[in-house]
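A.B. asks: Take a look at this one; I'll ask things after.
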Amino acid sequence: MEENIKGLVFYVNGEKVVDPEPDPACSLLRYLRKKLQLTGTKLVCGEGGCGACTVMISKYNLTDDKIYHYSVNACLMPVCSAHGLAVTTTEGIGSLKTRLHPVQEQIAKSHGSQCGFCTPGMVMSMYALLRNNPQPTMKEIEKNLEGNLCRCTGYRPILEGYRAFSKDECGMGKDCCKNQKQPVQNGVSVVLQEHDDSNYTPIYDSSQEPIFPPELKVNHEKYHKEYLVYEKDGIKWYRPVTLPEILDLKYQFPQAKIIVGNTEVGIETTFKNMKYPILINASDIPELTEIQNTETGIKFGASVTLSKIEDTLQHAVDTQPEEKTKAFVAVLAILKWFAGKQIRNAAAIGGNIMTASPISDLNPVFQACGVILNVQSKDRIDRKVPMDINFFTGYRKTVVEDNEILESLVIPFSNQNEYIQSYKQSIRKDDDIAIVNSGMRVVFKDQSGIIEDLYLAYGGMAPTTVMAKQTMEQLKGKKWNEEIVKIACEYLEKDLPLSHDAPGGTVEYRQTLTTSFFFKFYLSVAQQLAQRDIGDLKAIPETDLSAIKNPDYNVSQGSQIFEDSKTELGKPLPHSSALQPASGEAVYIDDMPALTGELSLVPVYSKKPHAKILNVDVAEALTVPGVKGYIDHRDVKGNNTYPVAEQDEHLFAIDEVITEGDVIGCIVAESHSIARKARNMVQVGYEDLPAVISIEDAIKANSYLAKPNTRTCGDVDKAFPSCENTLEDEVYVGAQEHFYLEPQSSIVVPKENRELDVYCSTQSPHLTQTNVCDITGLPAHRVRVIVKRLGGAFGGKESHCGRFAGLAATAALKYNRPVRVVLDRDDDMVMTGTRHPFLFKFKVGFSNDGKIQCLDISSYSNCGNTGDLSLAVVDAAVLRLTSAYKIPNLRMTVHACKTNISSNTAFRGFGFPQSLMVIESAIEAVSHHLVMDPLKVRQLNCYREGDRTHLNQIIYDCHIQDCLDGCLKQSDYQTRLGQIDQYNRENRWRKRGIAIVPLMYGVSFEFKFMNQAGALVNVYTDGTVLLAHGGTEMGQGIHVKMIQIASETLGVPCSIIHIIETGTNTVPNTIATAASTGSDLNGMAVKNACEKINKRLEPFKCEPGTTWKDWVIKAHFERVSLSASGFHKVEGLGYKKETDDEVIYKYYSFGAGCSEVEIDCLTGDHTVLRTDIVMDLGKSLNPAVDIGQIEGGFVQGYGLYMLEQYKVSQSGNLLTKGPGTYKIPSVGNIPKVFNVTLLKDKPNPKAVYSSKAIGEPPLLLAISVFFATKAAIMAARNDHGLEGYFRLDSPATPDVIRMACQDQFAKQFPVKKENGLKSWFVKHL
């Protein structure tokens, strides 16, 4: 066929884009950001797993003369596929320069934007929904946001903000607190946006939206009916528009990839370095996009998207007889949890089948349902291929031949004698790949319970989707009764064997799921047969029916209760720059326009955890056009080694690598994509050396960063013999990836006179400055570090940033050009460390009434390959160990294990979330041994006013009991405890649990010198105030709090105070914004500077009728300085001789959290039904910001304890490199009821304006979810005769929960403990 090469034409935000030579390898996201400079759309993962890159696509459909709008992931969509389409980004719907769109304004004003990096994606997902449905339900809104991740907010304020677009009523109906004109609860004002459904007025008017570009409609035929070819850099893109054209192409290029949504190929080319020189876009071929009703079922063209299939099948279910649509219901049940909305909008059904993934969500149900495929080729038209037991021939291979295409498939109608179900289990319920999934169909002989045919298809159990052949054969002809469950269990084990090291791991769990799914299927069918009075089945007992319950939980809702304020200090003001992220105008490091001559740097790092470097060959890489050069240790002008806490960090490996991710060198090129391409060509020769990966390995190898450190209180050895009871156990807390959405990013600009400007996403400008100075050999006064904002950090940008800024600085000095380094997500996760995993071995002694008398702990922490901040972390784990509990005799020995994984580092909580697990596990062990409510044991052992901690610090203003009492009352704990007991008696296969946990958190840096901060206040003659301080804004709201403090101190409105950035040139020697001290330290420094200004203005305030601006002008004319620096250091730390008191913490924050959880005992799924939190924050500086920190911190802690599984292979390579494999909480994970109350009338005299720190403490309250889950598991175990305490490690992912329930199905596959057998990944890192 003659090739007709034409240019690419599409519209972006109403503007026409014409590109005569588009790059087939370029994504729409890269095109938007780099070519069009529309940087509002963010790059986070590059794999469609986070939603930050969401844009809206609009397309005219000639058939029904309608415009369709849908959200997609721009990171996966090839720009070539945008031909003839309209693209809308967040910049295109509203701007601060003109007017904001309600969707943008609502998320900002409802405090739904913290760091802001996810905000544009949230905005566009919601916007696309509204363009299709101007008044969606809250369930539709929540479902629509499942493909968007947020690491900061905990999602609640995002949902609450977007509730304004829905007229759904609150679950409280007319009694909703938002309908009260002056809401008051227990004397505490509830400051919330009014929401009266009875007088609902939409805030969104769809008639005001921009029109679809008329040219795209008028010239639809031109744009969608022309054969196109694009070619660049060895990749050819074909866009055929007829079936013969695509058949001809597949005949010419049998290995060519056919793409529609690019959701699979995009990931393969980006992360697996797959090269596909021929790409065929099948989006505009009529036969492949048609949907037809046939006599046997519904026929879908192979290019029909999953969203369209979902809509079509749902319509059929709603309008056709139930007996005909059983297969449709089964498919819909899977589609409900298939990826996010953006993926379903783009991905085609044909691609899902033909990629033949062994964990495909849909293929098992298609096999079970008997889907028929229509396959075509140029020389063989219309071949019918059943998706039967022979369809999959090997890993990602099918019977479809290379020169054939899948034209369509038919999902068949069902009949009254068949029953169909689908099942899927993943770590996270929504937007997650399957661990195991299944499609099951049984066909009975007419009006009988005799099995005529049975189809059992499973994914996740073999290199292909597989059918349980022996099981199916054994059960044919048998009656549908309990006996078949036993037979099925026996033969499923034979049909679906897994080796101990099978890819994916969790072998016993996966095997248990196969039988658990079948049991669910058996019960579901048995119930339906009994209802139809078929066979001799008895009614299924109500307690067993819980196995097939699919609760339809309400959308998350809750309340936020706090004291109102009459001044701007204490008001719930939005973040100072909340609107900018919503409109795409917030500038992060990689949003900064490229400077003249700017280069990009990509690290070349080790693929081995421990090895000698034999050789490095960069010759081929240097031949790539656009590559400037290669740097390594020989280019370092200063020191290749530099300190964080210890002098053991190195910039480049020289002769030996000591972890995967160890930097060997860097490619420097004209663009990031060129540098990455060249990096993949670098060849490194290794000689493997023994690697220490896990804590267990380190113990065996005696590999430690330092000698074990022991802290004691009382005399443990003397106390134990007098204890009435003793218990011993172990507990493990796993690693947690920071998963800040903005990756590690720096731009280094060489200036005149040996100066460097370093733009960096760092929590610690001073440490970054110091590291760059060490590496470059430059003095600090020539290196300026500038921080505008961070797209999340959580401790991960405290000590690591200097390394990447140092790499860029080395290249900048070598080439005398600006250098940008922005890590890709997979590189970031490999090269940076995590929260420290801990193993605790403990022995607890206690009295018969539950009083803990002594506790002896040995802890082991996996610190990684260098010191970083690890010794401080393990020490902090001891210092905060006891939390809210007084333990008179205590000993804890800490072992800092040195291993060959990336050096672990600071993370929100800094060791305390791990040590809290051991103290709370000891509490639980005591309560179970004594058969007491854990709450009673907790209350009995709580600190009281005047008690001394294990550090010998006296506790003043102790509000543990106040928080606990408030939480007990708010949660109605005692009533619900009885309700849960009743529920558990009535439900055998679903269980509930509840737990309430108090908290005491010491606030200060443990190193005394770090408890200081500086600020600079400049007042201009127009009365406006420019404020600078040492803290960095990373979503925690420090800037708005500093503005509020300055407003209160100066007596001026917040509107005239501004903060531009944090810089080492304005406030030197800053301390890291960390340890929840940012507002305390910097707030006092700001107050100090403002007080100086006030004192200078005092002489000018006497004249009646004058204003602030008058005083400022008069002071200026009197030559009075209107610039003041402020400084604060925390006084009173250290030993106090008069009280024999060791003051490590300036004060304590207190709180309590109560959570209720429901688990599915057969799968390990769980749902957080409700969480109530009461926090003591003194007098809140900004309740909205503080509650946002509580909610966001809690959800992040929930991820640590329940969800986030960090996997490293036995050989030391990271397996979880992005959101596809590492699952942080999504919108569906948050508590269904989430109530937060700030304790009233408890001012704190020891911090700025009587406030208290908030960043870290609420994260720890998520442990209430963990212990509520443990209570639910215990109820399940009790049903099977397993009573008493049991060990439960964190994270309590579905496999952990399910296998702990230990019913007959789990016992069939006991966890193997054979010596020498190692699983696919290291279970306890």
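Cβ atoms here come from the backbone N, Cα and C positions, even for glycine.
Given the structure is predicted, the values throughout are model-derived calculations rather than measurements.
Heads up, here are the entries from TrEMBL:
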{"type": "ACT_SITE", "residues": "GLU1256", "note": "active site, proton acceptor"}
{"type": "BINDING", "residues": "CYS45, CYS50, CYS53, CYS75", "note": "[2Fe-2S] cluster 1 binding site"}
{"type": "BINDING", "residues": "CYS115, CYS118, CYS150, CYS152", "note": "[2Fe-2S] cluster 2 binding site"}
{"type": "BINDING", "residues": "ILE258, ILE259, VAL260, GLY261, ASN262, THR263, GLU264, VAL265, PHE338, ASP361, LEU406, LYS424", "note": "FAD binding site"}
{"type": "BINDING", "residues": "GLN763, PHE794, ARG908, ALA1075", "note": "Mo-molybdopterin binding site"}
{"type": "BINDING", "residues": "GLU798, PHE910", "note": "substrate binding site"}
{"type": "DOMAIN", "residues": "6-93", "note": "domain '2Fe-2S ferredoxin-type'"}
{"type": "DOMAIN", "residues": "230-416", "note": "domain 'FAD-binding PCMH-type'"}
A.B. asks: Whole-number answer please: how many Å between the C-alpha atoms of CYS50 ([2Fe-2S] cluster 1 binding site) and CYS150 ([2Fe-2S] cluster 2 binding site)?
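C.D. replies: Counting only the Cα atoms, the answer is 8 Å.
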A.B. asks: Same chain, not part of CYS45, CYS50, CYS53, CYS75: whose C-beta falls within 8 angstroms of the C-beta centre of the [2Fe-2S] cluster 1 site? Give them in sequence order.
C.D. replies: LEU29, LYS42, LEU43, VAL44, GLY46, GLU47, GLY48, GLY49, GLY51, ALA52, ASN73, LEU76, GLY121, PRO1219
A.B. asks: Look at the binding-site residues CYS45, LEU406 and tell me which residue has the greatest number of other C-beta atoms within 10 angstroms of its C-beta.
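C.D. replies: That would be CYS45, with the highest Cβ count within 10 Å.
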A.B. asks: In whole Å, how far is CYS53 ([2Fe-2S] cluster 1 binding site) from CYS118 ([2Fe-2S] cluster 2 binding site) when you measure between their Cα atoms?
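C.D. replies: With the alpha carbons as reference points, the distance is 8 Å.
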A.B. asks: Which of the recorded positions CYS115, CYS152, GLU798, GLU1256 has its Cα nearest to the Cα of ARG908 (Mo-molybdopterin binding site)?
C.D. replies: GLU1256
A.B. asks: Treating G and I as helix alongside H, and B as strand alongside E, what does DSSP give for the domain '2Fe-2S ferredoxin-type' (6-93) in helix, strand and coil?
C.D. replies: 15 helix, 31 strand, 42 coil
A.B. asks: Given the binding-site residues CYS50, CYS53, ILE258, and counting only Cβ atoms in the protein chains shown, which has the most within 10 Å of its Cβ?
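C.D. replies: Its Cβ has the most other Cβ atoms within 10 Å: CYS50.
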A.B. asks: Taking only the Cα atoms, work out how far GLU264 (FAD binding site) lies from CYS75 ([2Fe-2S] cluster 1 binding site), in Å, as a whole number.
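C.D. replies: Cα-Cα distance, GLU264 (FAD binding site) to CYS75 ([2Fe-2S] cluster 1 binding site): 12 Å.
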A.B. asks: Relative to the Cβ position of PHE338 (FAD binding site), how many further Cβ atoms are located within 10 Å?
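C.D. replies: Within a 10 Å radius of the Cβ of PHE338 (FAD binding site) lie 26 other Cβ atoms.
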A.B. asks: Which whole-number value in Å describes the distance between the Cα atoms of CYS115 ([2Fe-2S] cluster 2 binding site) and GLN763 (Mo-molybdopterin binding site)?
C.D. replies: 13
A.B. asks: My understanding is the cutoff is Cβ-Cβ under 8 Å with a sequence separation of 6 or more in the same chain; which residues meet that for ALA1075 (Mo-molybdopterin binding site)?
C.D. replies: PHE910, VAL1003, SER1004, PHE1005, MET1010, GLY1255, GLU1256
A.B. asks: Identify, among the recorded positions GLU264, GLU798, GLU1256, the residue whose Cβ has the fewest other Cβ atoms within 10 Å in this structure.
C.D. replies: GLU264
A.B. asks: Enumerate same-chain residues with a sequence separation of six or more from GLN763 (Mo-molybdopterin binding site) and a Cβ-Cβ distance below 8 A; give 'none' if the list is empty.
C.D. replies: LEU790, ALA793, GLY795, LYS797, GLU798, CYS801, THR1032, MET1034, ALA1072, THR1073, ALA1074
A.B. asks: Spatially speaking, which of the binding-site residues CYS53, ILE258, VAL260, ASN262, LEU406 is closest to PHE794 (Mo-molybdopterin binding site)? Use C-alpha to C-alpha, please.
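C.D. replies: Of all the candidates listed, CYS53 is nearest in space.
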A.B. asks: CYS152 ([2Fe-2S] cluster 2 binding site) has how many other Cβ neighbours within 10 Å of its own Cβ?
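C.D. replies: Step by step: centre on the Cβ of CYS152 ([2Fe-2S] cluster 2 binding site), count other Cβ atoms within 10 Å, giving 30.
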A.B. asks: Of these binding-site residues, CYS75, CYS118, VAL260, which scores lowest on Cβ atoms within 10 Å?
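C.D. replies: Lowest Cβ count within 10 Å among the binding-site residues (CYS75, CYS118, VAL260) is VAL260.
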A.B. asks: Among the binding-site residues listed here, PHE794, PHE910, whose Cβ has the fewest other Cβ atoms inside 10 Å?
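C.D. replies: Counting other Cβ atoms within 10 Å of each of the binding-site residues PHE794, PHE910 gives the minimum at PHE910.
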A.B. asks: Fill in the CA-CA distance, CYS150 ([2Fe-2S] cluster 2 binding site) to CYS53 ([2Fe-2S] cluster 1 binding site), as an integer in Å.
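C.D. replies: So the alpha carbons of CYS150 ([2Fe-2S] cluster 2 binding site) and CYS53 ([2Fe-2S] cluster 1 binding site) sit roughly 13 Å from each other.
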A.B. asks: Whole-number Å only: compute the distance from the Cα of PHE338 (FAD binding site) to the Cα of CYS152 ([2Fe-2S] cluster 2 binding site).
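C.D. replies: Rounded to the nearest whole number, the Cα-Cα distance is 24 Å.
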A.B. asks: Which of these binding-site residues is closest to LEU406 (FAD binding site) if you go by CA atoms: CYS45, CYS53, CYS75, CYS152?
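C.D. replies: Nearest candidate: CYS75.
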